[in-house]
Amino acid sequence: MDDVFAIEGGHVLTPEFDVIEANVLVDREAGEVIEVGPDVTAEETLDATDSLVMPGLVNAHTHVAMTLLRGYADDKPLDAWLQEDIWPVEAELTPEDIRVGTELGLVEFIKNGITGFADSYFEVGEIAAATEQSGLRANLCHAFISVGKDNEGARADAQEGLDIAREFDGAADGRITTALMPHSLTTVETEYLEEFIPQAREAGVPLHFHANETQNEVDPLVDDHGVRPLEYADDLGMLTDQDFLAHCVHVDETEIELLAETGASVIHCPASNMKLASGIAPIQEMLDTGVNVGLGTDGAASNNDLDLFDEIRDAAMIGKLARGDARDVAAESAVRMATEGSAEAIGLPVGQIEAGGTADIAVVDFDAPHLTPVHDFVSHLAYAVRGSDVRHTVCDGEILMADGEVQTLDEAAVKQRASEAAEALVDRAE
Ligand SMILES: CSC[C@H]1O[C@@H](n2cnc3c(O)ncnc32)[C@H](O)[C@@H]1O
Ligand SMILES: [Zn+2]
């Protein structure tokens with residue numbers, strides 16, 4: 001196998017968001033783009049005729065193994081959905097279920113041009129092993145909860161989160177990094193945050209947590225602590241430029257300013273927020289105030305797919321509805337959120353195609369009726385492209401999908417095993 005290959009014959013989305021006719025020369029070993037230019041070539045090529053070569057998308061908040069619960073419980077608000085359906089069935093999950101559910105989600109990511117993701121779930125060893133095999137890049141963590149547990153159980157769960165963050169950081173040749181995840185500001189009590197956040201800081205581990213997702217979560221916290229949730233989080237040292245907060249739907253002006261001041265990122269999950277009727281996040285206000293915003297699908301049980309192009313479109317659409325202003329969350333902003341915004345949020349060194357940059361790339365085929373004519377490539381990326389338009393996916397210089405064929409996982413076998421595991425799981429839970 002050659003050390004280099006060229007993605008040839010297409011257009012390239014530059015860091016400035018210009019679209020140029022160029023080839024991209026990739027160094028497999030270094031996992032880097034060597035050169036972007038009209039004449040660069042190599043013996044081995046990936047054809048990009050009629051296609052746009054763009055940075056791989058980064059899904060900055062997901063629970064990838066929840067593919068097994070896709071379509072299991074719909075049409076309920078967050079609390080009822082979790083308590084009546086999701087948590088009871090998750091109690092029956094085995095490590096093997098999590099492995100196969102993760103593999104299914106990773107196949108879906110690769111097919112949709114996603115090259116990096118941030119995951120929070122359980123059995124992180126299984127998720128890390130599947131991630132290593134897939135060739136993708138990820139930030140992983142074990143989510144811990146204290147409510148409903150005795151002190152010993154709560155501390156053990158949080159300790160597991162910290163141990164896992166230490167164990168898997170740098171795994172898969174550095175493609176895996178880690179975070180500490182207190183599930184949310186209401187499902188982990190103050191004493192455990194006070195004990196474990198400083199330990200994460202000492203270990204240099206960033207925080208990833210659900211925040212201000214529903215009004216039902218915000219109200220009791222304000223009642224109990226007398227401050228807004230993100231002020232409470234800041235008092236506990238939970239907002240730094242390493243940290244990323246999923247959802248942030250119900251945030252006020254003070255909280256948006258706090259996010260901008262501390263440099264903590266927000267991961268916007270518009271499909272999940274709509275499906276669970278959680279609310280509309282004030283994304284344009286965040287962008288205007290200088291908050292870094294990334295995009296996430298959340299789990300497949302609240303989406304119900306893992307196509308980040310849907311999130312780009314949803315973010316742009318609902319962003320306009322939020323203030324009744326069609327200029328808000330414009331196409332370029334939404335695409336930047338799914339690439340460099342997400343990458344910055346979760347600490348991945350990706351998000352732009354340039355010489356010397358990481359070779360995390362999606363090649364999108366524009367030769368389709370729903371993408372004709374092409375007045376503006378970026379407009380199509382935001383409003384018309386679907387994940388199924390992705391033709392090739394490259395991560396860290398490795399070709400993970402060529403002409404729609406996933407190279408690192410066996411798609412047919414993964415689908416079969418996942419269907420069987422999901423059926424057995426639901427039988428056990430009922
Ligand atoms: C953080 S993984 C652990 C836990 O979180 C649950 N979960 C899935 N989606 C959401 C969401 O939108 N808000 C809060 N919690 C969520 C998941 O089912 C796991 O139990
Ligand atoms: Zn979530």
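Placed from the backbone N, Cα and C atoms, the Cβ positions cover glycine too.
Since the structure is predicted, the reported quantities are computational estimates derived from the model, not experimental observations.
Here is what TrEMBL says about this protein:
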- HIS61, HIS63, HIS210, ASP298: Zn(2+) binding site (BINDING)
- GLU90, HIS183, GLU213, ASP298: substrate binding site (BINDING)
- 52-399: domain 'Amidohydrolase-related' (DOMAIN)
Local Cβ density at HIS63 (Zn(2+) binding site) - other Cβ atoms counted within 10 Å: 25
Listed binding-site residues HIS61, HIS63, HIS210, ASP298, filtered to Cα within 10 Å of HIS183 (substrate binding site): HIS210
Listed binding-site residues with Cβ under 6 Å from ligand 2, out of GLU90, HIS183, GLU213, ASP298: ASP298
Cα separation, GLU213 (substrate binding site) to ASP298 (Zn(2+) binding site) (Å, whole number): 12
Sparsest-packed of the listed binding-site residues (GLU90, GLU213, ASP298) - C-beta count within 10 angstroms: GLU90
Output field, Zn(2+) shell: CB within 8 Å of site CB centroid, site HIS61, HIS63, HIS210, ASP298 dropped: THR62, SER120, ALA246, HIS247, ILE267, CYS269, SER272, GLY296, GLY299
Those binding-site residues in HIS61, HIS183, HIS210, ASP298 whose CB falls under 6 A of ligand 1, listed in sequence order: HIS183, HIS210, ASP298
Per DSSP, three-state class assigned to GLU90 (substrate binding site): helix
CB contacts for HIS183 (substrate binding site) [other CB atoms within 10 A, all chains]: 17
Distance check against GLU90 (substrate binding site) for the binding-site residues HIS61, HIS63, HIS210, keeping those with Cα within 10 Å: none
Between HIS63 (Zn(2+) binding site) and GLU213 (substrate binding site), the C-alpha gap once rounded to whole angstrom: 16
Predicted model, mean pLDDT over the domain 'Amidohydrolase-related' (52-399): 98
